[in-house]
Structures are given as structure tokens and as C-alpha cells.
Amino acid sequence: MLLLAGSIVVSLSIGSSGLPLADVWGILIHQLPWMSDPSKQWDASEIAIVTQLRLSRVLLAVFVGACLALAGSGFQGVLRNPLADPFTLGVASGCSVGAAFMIVFGYTAWIGLWSVPIVAFGTGLVTLVIVFALSRARGAMNVESLILSGVIVQAFLGAIVSFMVSMSQGVINEVMFWLMGSLSTRSWEHVQLIMPFAIVGSPLMFRYAQHLNLFVLGERHAAHLGVNVERTKLIVLLISTLLTAVAVSIAGVVGFVGLVVPHLIRLLVGPDYRIIVPLSAIGGGIYLLWADTLARTVLSPKEISLGVVTAIIGAPFFAYLLYRRKVQQGGGASA
Amino acid sequence: MIEAKQVVKRIGNRDILQEISFSVGIGRMYGIIGPNGAGKTTLLQLLSGTDAPTSGEVLFQGQAITSIKRKDLAKRVAVLQQGGIPAAAFTVREVVQMGRFPFQNWLGEESADSEQLIDDAIETMGLTALANRQVDQLSGGERQRVALAKVMVQEPELLLLDEPTTYLDIGYQVQLLDTVKRWQQERQLTVIAVLHDLNLAAHYCDELLVLQHGRTAADGPPSAIMKPELILDVFGARAVILPHPETGVPQLLLAPSVPPSERRS
């Protein structure tokens, strides 16, 4: 929590416009009604940069990161698959198909901002079903074949999204940038959209944390201890997909967050999901906040897309996990 | 306590179980034996309420077991699975604690403190020294003891055992069944055990059910079941039955058709 607060402070203070630190905080504090000090005046554009752009963007990074990390811990727990995350399962791509469709063809006016995540949720679910069906070919679902199915579906869906983008006129640049994962050109509306999901999602997932612990022992053990296995799996998968859909609708496909964060947390605190779930939400916020801060400052004033930053960190991490699994299985230590 | 009425289980178009009926009274130890593929594990799944029969029903204290809420059922029925606890990064104590899950609310709180109960179970199973070790560092036998400690803290009225002695050394086999038997006698626990060792089954169980191709081949007290004709018919093995020299319980000696090779001196 402290680390999260600290990261917010630092990230708020860094930016491409080169505002002095004191001004940034002066403006922010000035916004609080009981702190307003009429003697100080700032430029209207400076106020806008801080409150409209920077603050909203920082909060968005925190919430998107929290959603993705929660979804990752949910997928990993229910599937008992350490390599699962919204991105590697193809769910994020599935959501992006729905979201891109809405954005490219301009149906966003239908029920306002909410229409994008709702449609993204629908296509994300369909994708999850397809990926499961592909990997379950011979009865059991093994760890690698599930991820392989995810990658295949992801490649296909990526092509569909690119095709839709080429068909559209005008908004290509914006959509392409969103696709690669980005938090630029987002506003307070988006913060309002994602905040309830991140805030409700955490306790909802936490309610199933002990169930996920029992899943570690196997589905039968869980069933004999009174867990309604099928219902629990369904609910956790739905929550995870919904959190993914909301995050994708806002930030595009930001890969590997749901993989990296719960793993790091697990390394730090052990296997108990009652600790992993809440810390993943906080850790996801911190992780994405720093990733986004890097994205907008490294080549300042140009921006790198956020998805590029998380992939550069996440893909090698994924490779390492895959390698470690192979070593463990080769050694036969724990099958 | 628990009663199976004309239970049928069909998976695809294969009949796994056909018209199984029996009832087990409170405080009894009931054994299910039979060759591999006879449907023993499937029957145990039906008795645990995690799977529903195709037709017929399982009654737990007069109530259809599938109509009881899963979490309420888990407060009264515990299952010790074949193979025990899988390798996991949880400590022994954490795994044993999981046995209290049916009694916890969503925050993991219980109305009464269960720490003493957990300590006792760990001590009874001789795991005190290992309590803070991770289960993936334990041997198969130690993990099976962890599994038994976990079902102990569940404080069930009915305990189902699925081949609990598989993968255990003979010393541990007897130790485990002794513990269950003692527990059964002390607390009026009802036990239903799938066992593949007929001698252990005859020794520990009050009554035996013999399954063959999903049907009841015989049931009754061990003295009625341990007959050479029945063993030959069901298991396809020639056997000699002798009373145990200490307890008088019928015990089985296999009688191979090929004579032993001559000793070279």
C-alpha cells in the first residue's frame, strides 16, 4: 500500500511537459476545496495537464494493472496453470476483437462508454470457450496445450483486429496505438468506468481465495471439503474475463501483467491465495504504473506504447517460467 | 447412517454400477472389495455426494445425499482420497487447516477456535516435527498421514476411504488402519473403505461388499466372504483360507498353480 502511494507520488511528478515538482503538487493540493489558496495562480493549461491528463492517467494505470493482475491470479488459480494469464490464454485478444469492432465502427454511442466493455466481455468469453475446447481435445487439459491453444487463437484474432482496422477510415492511428496497449488519450470518464470494477473485483475475487487454495490440492479434494467445484470455476472465470474486458477496453492489449505480478507476489509471500489476491491487485497497480511512467518518459516527448514495455519485461519472464517447468519435470522432482 | 438404494451409474453407454443396494449403520466399518475396474471408486464418489447416480439414490440419514448443500455435507462426510495430498508449496499445518474449510465463513473465520483441534490431529498423526515443512518435501507415506490429519479436523460422522493403503509400506498400512479403527471406536465414527488387500479388509471391517463388473457379487461378514470359491470366482485366484493364529479372523493365502522352483543347495 505504501509502495503504491509512493509510486503514485513519483509518477505524478514526472512528465513530458517538464512542470516543476512544486507546481504539480501546488495545483493538486489547490484542487482540494479546503486547501485552496487564492493568492497562488497557475496557468490554466498547467492545471489541465496535472488534473485532466496526469492524475487521470496515473489512476488509470493503477486500476488497469489491478484488474489484469486480479484476472491473472484468478485464471492461474482456477486452471491450476502457472502460465495462465489474460494475455497467454488469448482472452485479452478476444476482448480486443469486440472492443475494436465497437471503436472502429463507431458504435460507442449505443449505451455510451459501457458498450465497449460489454461487447468485449462477450467476445472474451467466446474466446475462452474456444480455447478450452481446443485444448481439451483428449479429455484432460494440460498446462502447455492450453497455452498453445491460447497462442493460436490469439494469432487468429490479432489478424481479425488488424483486418478491421484496415477496413476503417480515419481512426487507424488511434486504434493501432490502443491495440498495442496504451493509456494515452484517456480521460476521467475512463477512470470512472474502470474504478468500480477494480474496487468491487478485489473483494469478489478474495471471497474465492480459499477455494483457490483448495484447488491446489486438486478438484476432488476441494469437492470433498464442500466446494461447489463447477460453480466456483465458472464464477472465477467470469470475474477474471470481465476484469480483462474492462482493462482491454480502456488500455488495449497490455500483455503479461496477469502473469508476472501474481508470480512475483507468490515468490514473496508463498502459495496462499488469501494473500496473493489482494497483493496482486496492489502489485498490479504499482507494476503498471511504473510501466506506464516508463512508456511516457523514456523517449519523451514521444511515447512508447504500454504493451511494448510490459512485453519487454513479461515475455522473458514467461520464457523463464516455461524453462523452470521443463527443468522440474525433467528432474521428476514434483510431477 | 447411509443407505444405497438400487444405485445405477452409467457413463456414456457403459454401465459402471448396476443396482447396488446396501446400508451401513452408525459406528460400523464397512469394506468394499473387488478387482480393478469393478466400480469401487465410482461407488465411493456416489456415497460422498460429489457425483449423482444415473438412477436409484443414496440416502444419508434418510435424506437424499445430492439434495444436501455441499458445504453442510462436508461438515459430516469426509473423504480420504487415493494417493493422499499432491505435492504443493503449502506447509503441513496449512493443509491440515484446510480441513476446517466447511466450518469457515468467507473471511476464513470460525465460530469457535479450532487451533487446539488442529494441533491434536497433527500430533496424533506424528507430524508435529514436520508441521512447518512444505508438503512437497515429504514422502508419500508422510503425505498420506497429512491427508488423514486433514480429514480428522473435519470431524466427520462418516469417513470414506479410497484405497488408503496404496503406495504405503506395510508398516504404515497397518498404522493407518489402526488409527482409523481406534478413531471409529472412540467416536462412533462410521467408516466405508475401499480396500484392495483382502486380509486387511477382513481384519478391520465388520462387513464386506464384493463388487464384480459393477454388480454386487456378495455381501456379509468377513467369515461369509472369505471363501475359496468366491475368491476364485471374483478374482480368478486360487486361495487357501486360514484363521489368523492370533485373532481367528479368516486370512487368505494365495495358492499359485505352478509349484515353487526347487531350492539349490
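Just so you know, glycine gets a Cβ as well, placed from its N, Cα and C.
Curation plays no part in TrEMBL annotations; they are all automatic predictions.
Features of the protein shown, as given by TrEMBL:
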TRANSMEM  A:58-75  transmembrane segment
TRANSMEM  A:87-107  transmembrane segment
TRANSMEM  A:113-134  transmembrane segment
TRANSMEM  A:146-167  transmembrane segment
TRANSMEM  A:187-206  transmembrane segment
TRANSMEM  A:234-261  transmembrane segment
TRANSMEM  A:273-291  transmembrane segment
TRANSMEM  A:303-323  transmembrane segment
Would you say the transmembrane segment (A:113-134) and the transmembrane segment (A:303-323) are in contact under the rule of three or more C-beta pairs closer than 8 Å, pairs 6 or more apart in sequence?
no
What stretch in A:58-75, A:113-134, A:146-167, A:187-206, A:273-291 has the biggest tally of Cβ pairs under 8 Å against the transmembrane segment (A:234-261)?
A:58-75
Contact ranking winner - A:58-75, A:87-107, A:113-134, A:187-206, A:273-291 against the transmembrane segment (A:146-167), Cβ under 8 Å:
A:87-107
Against the transmembrane segment (A:58-75), which of these stretches has the most C-beta pairs under 8 Å: A:87-107, A:113-134, A:187-206, A:273-291?
A:273-291
Any residues 6+ beyond the ends of the transmembrane segment (A:113-134) with a Cβ under 8 Å from its own?
89-99, 101-103, 107, 141, 146, 149-150, 152-153, 157, 189-190, 193, 237-238, 241-242, 244-246, 248-250
